[in-house]
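Among the features that Swiss-Prot reports, active site, acyl-thioester intermediate is placed at Cys142, with the record citing sequence analysis. Residues annotated as active site, proton acceptor in Swiss-Prot, with sequence analysis given as evidence: His235. As annotated by Swiss-Prot, active site applies to Glu237. Look at Swiss-Prot and you will find Lys163, Ser192, Arg249 tagged as substrate binding site, backed by sequence analysis. Look at Swiss-Prot and you will find Gly111 tagged as site 'Important for acyl-CoA specificity'. The annotation site 'Important for substrate specificity' is assigned in Swiss-Prot to Ser192.
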Amino acid sequence: MPIRVPDELPAVNFLREENVFVMTTSRASGQEIRPLKVLILNLMPKKIETENQFLRLLSNSPLQVDIQLLRIDSRESRNTPAEHLNNFYCNFEDIQEQNFDGLIVTGAPLGLVEFNDVAYWPQIKQVLEWSKDHVTSTLFVCWAVQAALNILYGIPKQTRTDKLSGVYEHHILHPHALLTRGFDDSFLAPHSRYADFPAALIRDYTDLEILAETEEGDAYLFASKDKRIAFVTGHPEYDAQTLAQEYFRDVEAGLNPDVPYNYFPHNDPQNTPRASWRSHGNLLFTNWLNYYVYQITPYDLRHMNPTLD
């Protein structure tokens with residue numbers, strides 16, 4: 001699915017170097033196709049890096065996806081140039097009257113911060129409430145899963161004593177579920193979080209269906225039966241080097257982090273890591289776009305039929 005982005009977005013050249021099909025707005029305007037409209041609420045500090053990661057995964061299918069980047073934190077960013085934010089991001093007020101086929105809410109490094117202490121917590125709640133009537137399907141990633149479970153289901157914040165960091169094995173519970181279609185029975189995916197997601201908590205306090213778990217019994221992938229909301233507690237979008245960058249950052253900060261599990265060859269941080277989850281990440285996002293977005297969204301977004309209560 002060629003992603004449709006502004007001509008000047010840095011991700012265009014970055015992804016084309018990887019032979020990823022990116023369609024600029026100027027080229028897409030010549031095609032008489034109704035693209036899928038996908039809104040990305042990017043909560044990560046290094047926004048350009050996160051854009052590249054998600055856009056790479058959204059590009060792997062034959063239909064157009066029109067990407068809109070959203071920000072809700074008006075504070076000055078220390079990691080992303082203001083010019084980039086001003087040129088490529090919209091504010092909530094710019095899109096609140098629009099409808100979208102899909103919404104992705106990224107993770108954020110807020111695992112040890114109480115919800116009410118998050119500077120933009122009211123805006124997070126506003127976007128999630130808005131999405132019930134304006135978005136066909138929403139995908140929450142890592143910290144956003146924890147936030148959504150609290151807002152939508154009233155589940156208190158669950159925090160691990162130690163950070164979960166590394167590449168872990170998972171197994172699917174429903175091999176014929178649409179979101180896991182084509183998955184191997186067991187697959188690898190990276191995690192980097194303090195948030196805790198015991199599968200029993202999801203089963204006992206929500207009506208969500210768990211589709212994949214970690215070997216330790218944590219919920220990894222779960223969704224509502226009507227496909228309106230889906231949750232992934234790991235980071236299938238991560239590059240091969242992302243966990244390494246986080247590890248060495250924490251080492252330099254004197255935090256004495258554990259070496260990410262099952263990541264560096266021979267468990268030696270001096271060795272170059274390789275991505276062992278790339279096919280899983282691509283298939284997950286392709287399935288979400290196809291089965292949770294494309295196949296249930298109306299052709300005319302003005303005729304949305306929200307079912308999420």
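A Cβ is built for glycine as well, from the same backbone N, Cα and C atoms used for every other residue.
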Which recorded positions (Lys163, Ser192, His235, Glu237, Arg249) fall within 10 Å of Cys142 (active site, acyl-thioester intermediate) by Cα distance?
Ser192, His235
Going by DSSP, give the three-state secondary structure for Lys163 (substrate binding site).
strand
Have a look at the recorded positions Gly111, His235, Glu237 and say which one has the shortest Cα distance to Lys163 (substrate binding site).
Gly111
What residue among the binding-site residues Lys163, Arg249 has the most other CB atoms lying within 10 A of its CB?
Lys163
Compare the C-alpha of His235 (active site, proton acceptor) with the C-alpha of each of the recorded positions Gly111, Ser192, Arg249, and give the closest one.
Ser192
Suppose we draw a 10 Å sphere around the Cβ of Ser192 (substrate binding site). How many other Cβ atoms does it contain, all chains included?
21
Rounded Cα separation (Å) that holds between Gly111 (site 'Important for acyl-CoA specificity') and Ser192 (substrate binding site):
10
Do me a favour and check the Cα-Cα span between Ser192 (substrate binding site) and Glu237 (active site); whole Å is fine.
12
May I ask for the distance between Glu237 (active site) and Arg249 (substrate binding site), taken between their Cα atoms and rounded to an integer number of Å?
19
Show, in sequence order, which residues other than Lys163, Ser192, Arg249 on the same chain lie with their Cβ within 8 Å of the centre of the Cβ atoms of the substrate site.
Pro109, Ser165, Leu243, Glu246, Tyr247, Asp250, Pro257, Pro260
Which entry in the list of recorded positions, Gly111, His235, Glu237, has its Cβ near the fewest other Cβ atoms, using 10 Å as the limit?
Gly111
When you measure from the Cβ of the residue listed as 'active site, acyl-thioester intermediate', how many other Cβ atoms are you left with inside 10 Å?
28
Rounded to a whole number, what is the top Cα to Cα distance in Å among the residues the record ties to substrate, namely Lys163, Ser192, Arg249?
14
